[in-house]
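Now, the feature entries from Swiss-Prot:
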ACT_SITE  376  active site, nucleophile
ACT_SITE  502  active site
ACT_SITE  504  active site
BINDING   13, 146, 147, 148, 186, 187, 188, 189, 190, 191, 222  CTP binding site
BINDING   13, 186, 187, 188, 189, 190, 191, 222  UTP binding site
BINDING   14, 15, 16, 17, 18, 19, 71  ATP binding site
BINDING   54, 349, 377, 378, 379, 380, 400, 457  L-glutamine binding site
BINDING   71, 139  Mg(2+) binding site
DOMAIN    290-529  domain 'Glutamine amidotransferase type-1'
REGION    1-265  region 'Amidoligase domain'
């Protein structure tokens, strides 16, 4: 039977429960334990697929095609665990399942209630990820005290009781504000947050305190006294320059030993050498490169979380600092790309808004031999830009933006034409891609067949393949049956590549994705040669 760690949050949201959970998992993994993580989201959406990036940040796609919370990206980046649709459970899915069972008569006429029916469904969803794992870390989204989170807290309270004290523990992440006028850290919000948690029936075994500085011993002692937690289990989590420092900071305070003792696990040697190397490169880069990320959701950086992290990973591989400069495609002045920019990134997205600026950025990158990388919609816009400005198809477009375009170089996939629902209906998850020899893509991957994650409805229109190839475009990656274009690149360009898939979802700091690694290498080469 697996051991369970339940992680809750208090005082306010966006404290970093996802990174904290992932960091704890990485430490336990380094001890040789098989660890998985799960995110419980109390919102009523069935999944994150139809949510606005402004509301919720990016949608993270798993190998099996689930559209999930961005925290699953942290889980995969920090650990070796592979997430599936079972690793993200929403209140929407729980209620949907319960109501479906009621309609089928599975409850035999019983009055369906939050307790026991909703809580039992939550518990079953949690236990589903236990298979073949020694430890399951469950992050409960939201903040203690939120109405929508109560059934989830009740469910984990019940589950903890069923598992027994040696098989489960609670970690509460809270916030300790520094009041400038008073010149001191205040523990009262943490005290009240734990009081709220205890009123539900949950006593935390550890409190991780987020603050803008280190917690002095006196503050730790005070929190321990008023929350009924051992002082050694009050962990300081100050603001850090890099998120990849968090495992080191937690290990420094003995979190590994506290957890193994509490869960009656064998304590094993923890070697965080790989994290130290990563942090050392981030702190002491040999050079810097500037990459312009041109998108329409740039006001919220989390909208492009995995892309930004993957660019940083590419920097780690090349021992350079990557300055990701966010450019709003709706307000883009092309002269901004002339100012010390060494690479252009156009990530995925949906809808017509902001398209003009992205196409202008791609045109600038192509004509000025600047390393340029397009992902998903970014690749599709590369095709549109090329059709308009090189092939002379002035009205070329995607049928997503102009259903009546005379040159539909991007068209809806055949199997998508009869789909009338948005949620979970795209081409989602990992699919194979055949890589053509003697191409940039093959040099980067060093493989003939790769598997990458997808999230799209539209594709390159094969009717125009010969037109593109006649002018120097190479379709270096396709589906194994050669029907779907996966990668396109330019022959006579330093580095101009677009991919239909999302490579950012398979990049880790200690295993950077090959495309991002080589893109940053090209940016560095461009900087050395031309600036």
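Every residue, even glycine, has its Cβ placed from backbone N, Cα and C.
Where Swiss-Prot records a feature, it is marked here on the structure.
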| residue | record | DSSP (3 states) |
| --- | --- | --- |
| 17 | ATP binding site | helix |
| 187 | UTP binding site | coil |
| 222 | CTP binding site | helix |
| 376 | active site, nucleophile | coil |
| 502 | active site | coil |
Whole-number mean of pLDDT values that fall within the domain 'Glutamine amidotransferase type-1' (290-529): 94
Residues flanking the ATP site, with Cβ no more than 8 Å from the Cβ centroid of 14, 15, 16, 17, 18, 19, 71 and excluding those residues themselves: 9, 20, 21, 74, 139, 173
Checking the binding-site residues 139, 188, 377, 380, which are within 10 Å of residue 18 (ATP binding site) at the Cα level? 139
Nearest of the binding-site residues to residue 17 (ATP binding site) by CA-CA distance, picking from 188, 378, 457? 188
Give me the long-range Cβ neighbours of residue 222 (CTP binding site): same chain, 6+ apart, Cβ under 8 Å, in sequence order. 187
Candidates 14, 139, 147, 190 (binding-site residues); nearest Cα to residue 379 (L-glutamine binding site) turns out to be 14
Taking every protein chain in this structure into account, which of the binding-site residues 15, 19, 147, 377 has the most other Cβ atoms within 10 Å of its Cβ? 377
Using DSSP and collapsing to three states, where does residue 139 (Mg(2+) binding site) fall: helix, strand or coil? strand
Most crowded position, judged by CB atoms within 10 A, among 16, 18, 189 as binding-site residues: 18
DSSP, reduced to three states, assigns residue 71 (ATP binding site) to helix
Residue 54 (L-glutamine binding site) and residue 14 (ATP binding site), compared by Cα position, are separated in whole Å by 14
Other C-beta atoms that fall within 10 angstroms of the C-beta of residue 13 (CTP binding site): 12
Going by DSSP, is residue 457 (L-glutamine binding site) sitting in a helix, a strand, or coil? coil
Looking only at C-alpha atoms, tell me how far residue 377 (L-glutamine binding site) is from residue 502 (active site), rounded to the nearest Å. 10
